[in-house]
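Pasting in a structure now, in structure tokens, and then I'll have a few things to ask.
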Amino acid sequence: MAVLSGIEVEQRPAHPRKNRVRWTASDEASGLALISPTLLYAVALLFLPILIVVAYSFWTQDYLTIDRTFTLQNYQTALGEPIYQDLLVRSLVISLVVSVVTVTVSYPIAWFISFHGGAHKNLWLFLITVPCWTSYLLRVMSWKVILGYGGVMNTGLLSIGIIDKPLTSLLYNSNAVVITLVHSWAAFAILPIFVSLEKVDRSLIEAAHDLGDNKLMSFLRVTLPLSLPGVISAFLIVMIPTVGDYVTPKLVGGKDGVMIATAIQAQFGKGANWPLGAALSVTTMVIVSAAAGIAVLALKLLVRMAK
Amino acid sequence: MPETPMITIEAVNKFYGIYKALDDVSLDIAAGEFFSLLGPSGCGKTTLLRSIAGFDTPSTGDIRIDGQSVIGTPPNRRPTNMVFQSYAIFPHLDVEENVAYGLKRLKLDASEERRRVGAALDQVRLGHLGKRRAHELSGGQRQRVALARALVMRPKVLLLDEPLSALDKKLREEMQVELRSLQKAVGITFILVTHDQYEALALSDRIAVMFGGRIAQVATPKEIYQRPTTRQVADFLGGMNFMKARITGETATRLSVETPRFGGVTLDKPLGFSARNGTATIGIRPERLRVLWDDARSDFEVAGRVVDRHYFGEITHLIVDIPGMEQPLSVSETNNFGADDIPVGDAVRLAYDPDALVALSD
């Protein structure tokens, strides 16, 4: 807004010709100048690749040559082939489940740190980031050790007698993908939720108690709605990247846990069909955006109902 | 005071570690009374209010509301409601939803709820702003929402935590008048926490002045202003000239002293008074001293020289040095007769009423 109001001020002088000279001295101009290196970098590395991907998705490839005539054939394949439909739906379902579980697990942790962290808030936050110090690959691999046939989980359950032979349903399926991703993304969900909880004025919660609410009611009617921005950003931070996650399904997903990224990778790699890969990517992007939008609306609606 | 007080505070102590926030506080507050807790920041007044509301728990002692001990009762089950210093208006709700917040739990039917919310908003003259959000309201309007939201619950006791401190002077004075008439209209016991002595004097039926977790004096505004019992209370409530006087006689209730320039007087002995080296502190308010013009005479007068002059618009403070007194006297004169024109250095005679002198505990 400060930038916008800067423009208004600059447009006020009676001689319009002066404006152009003056603009270079305005706040907006100096602001843009300051961010220009980052802006150019971001534009170059974000929009350019996306444009190229979009362009490719309308072309065709014959072995090594690209045919640049416009066609919707790739999208027909991406949306029409049952295998791709299945993969898209599965990716979406897995990422939604991962987001819901991650946010649900992370919220109480963030709440605890914010409301009961006391003098040790920073220590708690620090501890939460500790797992991120090891490589993402290592963390995914270690879940193989935990969930595997002779893994920590199975031997543990066996030794306390809950099961009498190792469970095979732990690893190499979509459950394993969900478990691994929830663990990987928890820190990224806790932080935005924590920040939004910190911003909730504690006197509002006291006011709710004063007006007759017990602890649960004041949480549902005041704390939760006011921390919704954090919940939404946590949800999006987890959901958007997990739809396209490639490493986790590859390592712990097995046959059942294959997601769309694997198919896209295959088209750009062994399949040597870049246009189809591009069309799958664009389709995924559009569907993820739509799903994220719907999820945000649903969350807002849910909270409106609580009040 | 009627037989059963609305609020009884009995020997309440509150410790934070080794810090004593409340030190043996006992107090009775009558039903329908406008009661103020007055004191500097950190004196324990807010802790006491929050203990009545249930947000703080006394370490020892008892608090009874309408005869019922409320120790261990959470805030949501006490017959009190609070107006918070920051107003604590729910930012995600509009004005009507804020006011209706506490009513939702009562499961009233929709028309009754709307009627009560409307009535409460009309009471604070906000009927036209029902759909506004907190961030669209001015400070004064937020304050009214906070009042309406508490009053709509029909509490037995309304607790106000420095409700006017965030408002500018003019609005604050308007709201004081309104708060007082609102209290008269609803007839609920109001307990106001404030550090502004004028606010306490203007609004209250009775005032408790607190220092360091203790109650120093409880009295009506007039009594507490004119007959403070300690030097600290006298000082906190406004300007006061202090002087040391030699004690010449003492009974259970009266004290005879010989003052440096105000002659020999016999005064009421304040509670808990103890003499130090045979002397007592005597005080007189600056506005109880009056400049004698030309040939005017008074049976009680002191003579001195103006050493400084401070102009405040409607009044002027003259600082008058009296030979034989340790401290110069501060005199507050209205500007009707030209006190603002007395040159510094001029000799003046001051008249006083011996009744205006008070003996104070140190």
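The backbone N, Cα and C atoms fix where each Cβ goes, and this holds for glycine too.
Residues annotated as transmembrane segment in TrEMBL: A:39-59, A:92-113, A:119-138, A:145-163, A:175-197, A:218-240, A:278-303. Sequence annotations record features per position, and here TrEMBL assigns domain 'ABC transmembrane type-1' to A:88-295.
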For the transmembrane segment (A:39-59) and the transmembrane segment (A:145-163), decide whether they are in contact, meaning at least 3 CB pairs lie under 8 A, counting pairs 6 or more apart in sequence.
no
Check the transmembrane segment (A:119-138) against each of A:145-163, A:175-197, A:278-303 and return whichever range has the most CB pairs under 8 Å.
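That would be A:175-197.
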Please tell me whether the transmembrane segment (A:278-303) and the transmembrane segment (A:145-163) touch - that is, whether there are at least 3 C-beta pairs under 8 Å between them, with each pair 6 or more apart in sequence.
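Touching, no - the transmembrane segment (A:278-303) and the transmembrane segment (A:145-163) miss the threshold of 3 or more Cβ pairs under 8 Å.
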So if I exclude everything within five residues of the ends of the transmembrane segment (A:175-197), which remaining residues of that chain have a CB under 8 angstroms from its CBs? That is, six or more out.
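For the transmembrane segment (A:175-197), the nonlocal Cβ contacts are 94, 97-98, 101-103, 105-107, 109-111, 113-115, 125, 128-129, 131-132, 136, 139-140, 143, 147, 169, 223, 226-231, 233-235, 237-238, 241-242, 245, 248-249, 252-254, 257, 259.
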